[in-house]
């Protein structure tokens, strides 16, 4: 991106922002209390929340994009007269902060302070192997993945902290987890305040037991959930050290911090008899090769199964007597997950090498092939999955590459004893349609990248990167039973169907290798712990009812919710390590981060009355309530309408004040988040609200808006590549309003949005230009036109303002902010620029200032600082934060259409004039350039020519019969071609149909009308001065096409005028300026028949750009046209022996004799070959 030339404009915006933020702070504009609002709620309230961000670093542009949706919504709803609350908390619960602090502590213990680290050895490059490592991230592990994301490229925590710009002295403090809670939350608030958020900061808090009020609130929530039988105790998957005999949490790990369990679908591939000789001793037993897959939805396309010939495998007996074949490592994991009779014991019945089961025949679930075979793949690794891999060449680049190797290389088949019939008949089966890659995505991408074999590891990794994520988010199923459904919606359903049928099992292993401090490689084990029973039927049913009434703004979000409710089961809500609130009935457990963050929006409603504005809840409570007084019964009374008044020392009126706040603000009117939180946090949010208020559906969430991820300059944000911006960096670079404008423009849907730096820079220029224009208008108030605002362009501009208000209102209401920015700023500014250009009589004062006021209000949710500043420039006494949405007056659509017509005609005429001036093709171009025409006749048609009239009638008939759509061109061409009256015109007919179809898209059904809704001749005549000036012509006349020659009559149609340019002949005379030292010169000018002073002065102004004002020029003729021009002018006597030419005088030209005379008051006067012009 090109370097900026300077920062004056962005500095100007930042200076305004600082002043305005100070003003808001002083006036406490965003602080709201239910007690003072209840009397004035005729237009309702609006309570919006954003998932509190995790406090292990600075906020970045991705956070800002999501929260900007809340911010814009609040800005709009304030203008609509609602009482708005936007609170903002900060999340500290969970493992990452504690793990980072403990890691720092360990580094200091091992390497000193500051640490002297050993040279980092080159880490072994991880080979891309057939283990499906390009996987869809498990969003439920969002907090852990954040820890990984913060790690950057440094191996050591100390290095990571250094990369944040911290000194050695400061870093040491971060070895205590509490310091993180003191350091990052104030920075987050500082950055968000710079953004200009409309937040009531009194209600902010941090989570964990550091804040005794929040701690008490979460304990109350969990006691209530347990009381209602929503929390159970039982076995859950966790990282476990067999050597230590206990779960291995982050602080117990030598390597693998932040790593959690990875869920696979374990596919059972039944070995068919006759068994391979190595397995013959197991005759009578059910033997299965078990393959671990992350992509159960692809299994409809299995063609074979892979094993590595030189890898060791075992067969072990499962709890029900079946034999599973896999690696020893996978069997060890399975033995801790209930697969074997005794926990942790693998009863091995057979040891074998992969090559000993090659060629075995299998029965595989879901695939259309009745029998598939075990084939060799040389790149399988032992440290991931089971060592057995099922092959889906339609959707896996590794599989199609390996299958092609075997098909192409007879010698390879012979080496491993593979018969042709085990390989050659098996072709990829279409399972999933992926936009851009078709229904055999792996085949397509391998051909595109020219992948030659399974050893092209780098290209195969690139291929998987390209199709796996796209396949998950955009892939559409093609198989029966799931046809037309999105992959992400059916993935879990397919997995469940297979498990229920006994064809698959859930299998877990660590995402990456985890080594305990005792140097034991960890497994995933089923361990006892507390969990929320989300799958429970009645709870799920009630949550589905909540979802039915939830506004999701787009169908994809609703489908994602529905799919999640379909598969969501128990969720472990307790941990033994990290920060957070302890389970009230079992203090050894901490409540984990996705479980203490489901109904905290209720805490926002009362936080300011408890905490005294202190994030940690350590200040004196405004109501004098101590944390320990907030018992379960007290919380019940505050949040449950029917709960009795508790035994407490707190005065009733104080608890009633808390209750009033909750009752006033609840439910949450809008929650905004990234779409990746739908399958976890947002679904838990619905579940928990239903559980806590089962009989009060009026307390359930009202709306959830999910957005896509944010790209930066069309690329993924990444610290390692440097394509990354923190919130504070973005504000420094673009100002708050400049950044907000670009965020609004980044995107509205659940697809990925794009923050473009060039757009942000262009936005800064637009905002600066806008405020400068407002200043200019305020300064020139007196010189603007007054009186009735009733010219054609006045009326058009007024209608366009009103239409803009209505469209922008609709876009804001639907949370389509990119569209609201388009209709409420870009199109609004374009309407003003058009008015300024068209209003040849000058802009009307009343309209200009109505425009400024309306524009400021429409833009205020996006750019509040600048709009507050402009509001002040307009002399408004109150803050724009207390203003109301503008009232739209009547909209004359016909008038707007007629103005659009005028702009199109002007554009067409300019193009035609340009083409007229260009030498004809094929002719020599060394001739003089063509002389510019002086006159133009525009022909307008009252009706369509007969052939067009007939064509339009046919199109309208089809449009109305075909559900307001036009059929294919073949259908239209067939009917029109059979009509005798059109035979002569068929060359013109289909291009005319194409033009109508194109305009139908742009302008709607009115394009099919046989007559225009306005008088186009009248529109052109009202704007004749503008058209003449715009084309720099002398004169334009408008006539009906019926007055023109045949060709024009045949082709001219309503709304598409034709024209003829011409050069009106004239006689050249000298135009002399006798005034000394004024920069005006003498020139030759053409005088044409019928000219007057006005037309001659306008012609002069085109040649002499120094003349700005027509009224300042005066024309004079010599009393003696023959001798007068020969006399030397005398200084100060420029008027002597000359007569002023009246504005009513008409010039007459005799082309034959090349002479000019004036007709004035019926008297004819010769003027010779020279006249005088004076500029005053």
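Count begins at 1; order follows the chain as displayed.
From the backbone N, Cα and C atoms, a Cβ is placed for every residue, glycine too.
It is 716-720, from the ranges 706-710, 711-715, 716-720, that Swiss-Prot records as motif ''KMSKS' region'.
Feature motif ''HIGH' region', per Swiss-Prot, maps to range 60-63 of the set 60-63, 64-67, 68-71. Check Swiss-Prot against the ranges 87-114, 115-142, 143-170 and you find region 'Disordered' recorded for 115-142.
Of all the binding-site residues listed here (52, 54, 594, 597, 719), 719 has the Cα closest to the Cα of residue 167 (phosphoserine). Take the Cα of residue 594 (L-leucine binding site) and measure to each of the modified residues 720, 970, 1047: the nearest one is 720. If one looks beyond the motif ''HIGH' region' (60-63) by at least 6 residues along the same chain, the residues whose Cβ comes under 8 Å of a Cβ in the stretch are 53, 674, 709-710, 712, 717, 724-727, 730, 755.
Maximum C-alpha to C-alpha distance over the listed L-leucine-binding residues 52, 54, 594, 597 is 12 Å. Spatially, by CA atoms, the binding-site residues 52, 54, 597 include one closest to residue 720 (phosphoserine), and that is 54. For the motif ''KMSKS' region' (716-720), the number of residues in each DSSP class (helix H, G, I; strand E, B; coil) is 0 helix, 2 strand, 3 coil. For the recorded positions 719, 970, 1047, a Cα-Cα cutoff of 10 angstroms around residue 52 (L-leucine binding site) retains nothing.
Cβ neighbour density within 10 Å is lowest for 167 among the recorded positions 167, 597. Considering only the recorded positions 719, 970, 1047, the residue whose Cα is spatially closest to the Cα of residue 54 (L-leucine binding site) is 719. Assigned with DSSP, the residues of the motif ''HIGH' region' (60-63) fall into helix, strand and coil as follows: 3 helix, 1 strand, 0 coil.
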